[in-house]
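TrEMBL annotations:
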| type | residues | note |
| --- | --- | --- |
| TRANSMEM | A:6-25 | transmembrane segment |
| TRANSMEM | A:45-69 | transmembrane segment |
| TRANSMEM | A:75-94 | transmembrane segment |
| TRANSMEM | A:115-134 | transmembrane segment |
| TRANSMEM | A:154-171 | transmembrane segment |
| TRANSMEM | A:183-201 | transmembrane segment |
| TRANSMEM | A:240-264 | transmembrane segment |
| TRANSMEM | A:359-390 | transmembrane segment |
| TRANSMEM | A:411-431 | transmembrane segment |
| TRANSMEM | A:437-459 | transmembrane segment |
| TRANSMEM | A:466-484 | transmembrane segment |
| TRANSMEM | A:490-515 | transmembrane segment |
Amino acid sequence: MDTQFLVSFSIIIATFALYIGIAIYNKARATSDFYVASRGVPPVFNGMAIGADWMSAASFIGMAGTIMLLGYDGLAYIMGWTGGYLLLTFLLAPQLRKYGRYTVPEFIGDRFDSHTARVIAAICTIIISFTYSIGQLSGSGVVIGRLFEIDAKLGTMIGVVLIAFYAAFGGMKGITWTQVAQYLVLIIAYLIPVIFMSLQLTNSALPWLSYGELVGKMGELDRELGISEYFAPFTNGTKWQFLALMFTLMCGTAGLPHVIVRFYTVSTMKAARWSGAWALLFIGLLYLSAPAYAAFSRFILMTKIAGSAITDLPAWTKSWIDTGKLQLADGNGDGVLQWSELIISNDIVVMATPEIANLGVFVIGLVAAGAMAAALSTAGGLMISISSSFAHDIFYRVWKPNATEKTRLSVARWSIVIATLFAGLIALNPPGAITQIVAWAFALATGTFFPALVLGVWWKRSNAQGVIAGLLVGLAVTLGYIFAAKYGGFTILGIIDTGAGVFGAAAAFLTNIIVSLATPAPSQKIQEEVLDLRYPEQMVYKDGEVWMNEDGSTKA
Amino acid sequence: MKKIDKAVADQYFREKNRYMVIYFIIWFIVSYGCVLLAEPLSSITIMGGFPFHYFMGAQGAVVSFIILLFINAKVGDMIDKKYGIDEEQNIKLSAGKSVDH
């Protein structure tokens with residue numbers, strides 16, 4: 001344990017020194033820099049930054065384990081969390097970039113010309129980002145706690161201090177380049193164990209091509225054991241739950257404020273298009289590897305651990321049994337550990353597999369550093385979203401329009417510190433599993449922002465009354481369904497709390513459209529601004545005519 | 001500023017939307033379509049052991065999404081070029097257009 005601790009600790013410290021160094025180097029000075037870097041981040045690097053923002057503790061630590069335990073049904077996460085980038089890149093990102101506002105509440109406030117809509121959008125942003133960040137903080141707590149062999153609560157507190165530090169003092173400018181470094185650390189940390197396991201089990205350095213063989217073999221093993229095959233569809237929920245969860249994760253992706261704000265850091269609509277493509281390529285590297293990770297872990301557990309004598313288990317089992325996340329009980333008392341007697345929590349699969357496969361201290365330490373990068377990078381982006389919603393959209397635009405830049409910057413920093421502390425406090429006793437909390441945040445984004453933004457960009461007739469009613473109804477329906485399904489046992493077509501976004505989005509779209517049509521159309525100016533979003537920057541829509549700007553001047 | 005025919009601008013918008021609809025149809029087939037047909041597809045095996053529905057969920061859909069996004073970025077550039085859009089001017093224009101506070 002001592003060598004392992006020293007190696008893991010050194011790798012984590014080295015990567016942290018790198019992130020903090022970058023954050024200090026880029027210490028933000030002006031407010032505009034604080035929110036969206038300098039608007040000139042090249043698409044490839046912006047793609048990596050989106051990737052790091054995007055891939056959280058849930059993706060890194062939780063996803064492979066979820067797939068391992070759910071089999072085919074877990075793939076809803078793979079398709080949902082990647083397919084949403086098409087909705088985002090086609091329907092929203094370039095248009096929002098042309099509109100040229102800093103944040104989602106600012107777009108909603110200006111597009112619908114309503115301070116009420118702005119405040120509701122800011123509150124929705126805070127609720128979504130806050131919910132999401134609780135999951136990240138408790139994830140970082142588990143990793144830190146496990147590493148130092150201290151209580152996870154203490155680990156969470158260390159995570160809180162780190163996040164508050166570089167989110168508040170680096171701002172997004174620090175974060176953009178910090179995120180690039182974090183992406184590289186986390187992807188390397190994820191790929192190395194998968195490639196090593198692939199070499200061990202299939203003699204191939206390309207896990208993506210080689211694990212199909214194991215998936216087939218595991219089906220045979222499952223049949224011998226008389227359990228449902230690993231790849232059999234819909235064994236853990238209905239087909240409708242699969243589809244609803246996938247829909248919720250996709251639309252939530254397109255409506256998450258901290259991801260959308262990334263597209264304001266690029267210079268043009270064209271750059272937004274390319275950023276979306278690069279982002280999904282970088283994200284896809286991890287998402288294509290997670291099912292391979294899951295298959296290798298399950299195969300090793302089934303063939304090397306299950307079937308061994310209960311007195312003859314490897315050393316790694318002890319430390320994980322102590323965490324309460326792994327149970328090995330010789331239920332039938334025959335002295336041999338059966339597959340059915342092995343109960344593993346999905347949260348430890350990624351962390352424990354390098355130990356199970358005996359990949360060495362360096363790889364184990366690297367995985368811990370990658371998990372920390374995933375949790376902290378996403379939490380950093382979330383905190384910026386929360387602080388800009390409060391300091392910019394509520395405090396400056398509505399509450400104190402005369403506030404000086406210095407006051408606003410200090411309000412932004414304090415709101416980060418307070419939000420991080422408060423989220424950390426809840427993360428000490430999280431209200432659900434990490435993946436479950438994260439899925440709620442997606443359901444809320446699907447029920448609120450996705451309909452509001454799509455209609456705001458694509459339908460000029462959508463007005464302030466429509467969007468206010470839509471946001472409130474979507475929020476109420478989504479929250480209502482989550483609580484009814486989780487605590488009341490209420491379900492429709494077997495759709496549980498994680499798929500709640502389907503109902504929220506349907507209700508919000510309908511409400512927005514019906515209320516908009518029942519109330520007066522938005523002003524001529526707003527309708528023209530919406531039509532203007534159909535064209536690239538150089539084409540300008542005005543008074544029913546389209547103008548081509550050839551000399552770059554902004555005057556008519 | 002030069003006035004251009006509204007029909008040309010609308011053509012630009014329609015052309016982009018036509019491609020977008022095609023991308024979304026493919027997007028729907030590789031994800032939702034394959035889930036809806038998961039049971040019949042599971043009898044087909046490819047790449048040394050993958051049942052086809054599993055392969056689509058774990059890899060096929062994701063790779064299709066990535067390819068579609070790069071095609072969209074490239075085709076978008078080509079459409080811009082066809083209509084004489086100059087990215088240099090776009091950069092200048094968006095720098096001036098962003099809200100300055």
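Here the Cβ of each residue, glycine as well, is placed from N, Cα and C on the backbone.
Note that this is a predicted model, so its numbers are computed, not measured.
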Q. Are the transmembrane segment (A:6-25) and the transmembrane segment (A:359-390) close, by which I mean at least 3 Cβ pairs under 8 Å that are 6+ residues apart in sequence?
A. yes
Q) Which listed range (A:359-390, A:411-431, A:437-459) shows the maximal number of Cβ pairs under 8 Å with respect to the transmembrane segment (A:240-264)? A) A:437-459
Q) Same chain, outside the transmembrane segment (A:183-201) by at least 6, Cβ under 8 Å from its Cβ: which residues? A) 15, 18, 48-49, 51-52, 55, 60, 207, 210-211, 214, 282, 285-286, 289, 292-293, 296-297, 299-300, 350, 353-354, 357, 359, 363, 366-367, 369-371, 373-374, 377
Q: Count the CB pairs under 8 A between the transmembrane segment (A:437-459) and each of A:115-134, A:411-431, A:466-484, then give me the winner.
A: A:466-484
Q.
At a C-beta cut-off of under 8 Å, are there same-chain residues at least 6 beyond the transmembrane segment (A:466-484) that contact it? List them, or none.
A. 108, 112, 114, 116-117, 120-121, 124, 127, 440, 443-444, 446-448, 451-452, 455-456, 490, 497, 500-501, 503-505, 507-509, 511-517, 519
